[in-house]
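Here is what TrEMBL says about this protein:
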| type | residues | note |
| --- | --- | --- |
| TRANSMEM | 31-50 | transmembrane segment |
| DOMAIN | 58-349 | domain 'Plant heme peroxidase family profile' |
| DISULFID | CYS64-CYS147 | disulfide bond |
| SITE | ARG91 | site 'Transition state stabilizer' |
| ACT_SITE | HIS95 | active site, proton acceptor |
| BINDING | ASP96, VAL99, GLY101, ASP103, SER105, GLU119 | Ca(2+) 1 binding site |
| DISULFID | CYS97-CYS102 | disulfide bond |
| DISULFID | CYS153-CYS345 | disulfide bond |
| BINDING | PRO196 | substrate binding site |
| BINDING | HIS225 | heme b binding site |
| DISULFID | CYS232-CYS257 | disulfide bond |
| BINDING | ASP269, THR272, ASP277 | Ca(2+) 2 binding site |
Amino acid sequence: MELRSHKHSTSVDLTLLTSSSIIHSIPSTSMAFSSLITLFSILLFLMGMASGQLSSSNFYATSCPTALSTIQSEVNSAVARERRMGASLLRLHFHDCFVTGCDASLLLDDDSTTGFTGEKTAAPNLNSVRGYEVIDAIKTKLETTECPGVVSCADILAVAARDAVVALGGTSWTVQLGRRDSTTANFALANSGGLPFFDSDLSTLIKNFTDKGFTETEFVALSAHSVGLAKCLTFRNRIDNDANIDSTFHGFLKSTCDQGGDGFFHNLDNTTDTTFDNAYFTNLLDNKGLLHSDQELFSGGSTDAQVRAYSTNSAAFFSDFGNAMIKMGSLDVSTGTAGQIRTNCRKVNT
């Protein structure tokens, strides 16, 4: 999941500030010196604002040329062992970016000795977000045998999410690199920072995304639960209360959850559950969205047309999804000398 409205994504044309017309309009030497100092300060300020912009996808070409192939190999192996892991890695990146930005803050463990509380135990993440061990395996390999202290955990998350979607048969996109890792986390913000919930209504969901700078089209693309599982607990309320649910689908879910209990898992995509495709949107047209928040995308609201379009045009969905992921991967990133490159993604360097 490159906000135009966020400070780290500010785009500034510095040439406008060095125009000869500005300097030539200064009437005296002292004023010229003072104005140039002010101009220099403004330039430094604006350069600082732009410092959060990511670099090219070849960022590690010299410093760690095997980085991307190592990430891809580990992700492919993990998804081959368990198809669900592809969805988990995608969600891990999303939940990291949506709180304090794409800074790997979500990967930090709680530390009882220092009193540090990370984001893993926040309500949207606890017993829900997974895939940490795959990131650990990638990081360990890079640190021990390839290029210690070079590749950030935040970049690993971004690349792993892309490679996971590809491994599931989905689209690819160019991942810009150069993210740095945070040295802290925000438990409170993870609880209240706008992560969408399974029982949210459409207006709340749209606000969750527009608050981060996404368009409604990007919101619909990123909301596609094309792969993965959900516990009966998360859609029990839909079974009991929603009217816009296919009767046969409703009966099946009710029987399944009554027998299996709230902890029983069901596929988020009822038709092609291990492949990243556009079948999710077809399910919504048939009132077979698993979660209440899923079916809200097609419930007589402003997103109905986009759902219909994606249901018949997988190329459009793939294109919009890839572009939205590039944008999400640029949320509030730290680059340059900000933050650090953790040697262990679970804890800050000492």
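Cβ coordinates come from backbone N, Cα and C, glycine included.
All TrEMBL annotations are machine predictions without curation.
Cα of CYS64 (disulfide bond) to Cα of ASP103 (Ca(2+) 1 binding site): a span of 20 Å.
A straight line from the CA of SER105 (Ca(2+) 1 binding site) to the CA of ASP277 (Ca(2+) 2 binding site) spans 30 Å. Neighbour count (other Cβ atoms within 10 Å of the Cβ, all protein chains): 27 for ASP269 (Ca(2+) 2 binding site). Residue pair ASP277 (Ca(2+) 2 binding site) / CYS147 (disulfide bond) shows a Cα separation of 35 Å. A straight line from the CA of VAL99 (Ca(2+) 1 binding site) to the CA of the residue listed as 'substrate binding site' spans 11 Å. Taking the Cβ of CYS147 (disulfide bond) as centre and 10 Å as the limit, one finds 15 other Cβ atoms among all the protein chains shown.
The domain 'Plant heme peroxidase family profile' (58-349) scores a mean pLDDT of 97 in the predicted structure. Proximity of the residue listed as 'heme b binding site' to non-local residues of its own chain (separation of 6 or more, Cβ distance below 8 Å) is seen for LEU268, ASP269, TYR280, LEU290, LEU291, ASP294, given in sequence order.
In sequence order, VAL129, GLY131, GLY228 make up the list of same-chain residues 6 or more apart from ARG91 (site 'Transition state stabilizer') whose Cβ falls under 8 Å from its Cβ. Among the binding-site residues ASP96, GLY101, ASP103, the residue whose Cα lies closest in space to that of CYS345 (disulfide bond) is ASP103. In this structure, the binding-site residues under consideration are ASP96, GLU119, and the one with the smallest number of other Cβ atoms within 10 Å of its Cβ is GLU119. A straight line from the CA of CYS257 (disulfide bond) to the CA of THR272 (Ca(2+) 2 binding site) spans 21 Å. On the backbone, the CA of PRO196 (substrate binding site) and the CA of HIS95 (active site, proton acceptor) stand 10 Å apart.
The CA atom of HIS95 (active site, proton acceptor) is located 24 Å away from the CA atom of THR272 (Ca(2+) 2 binding site).
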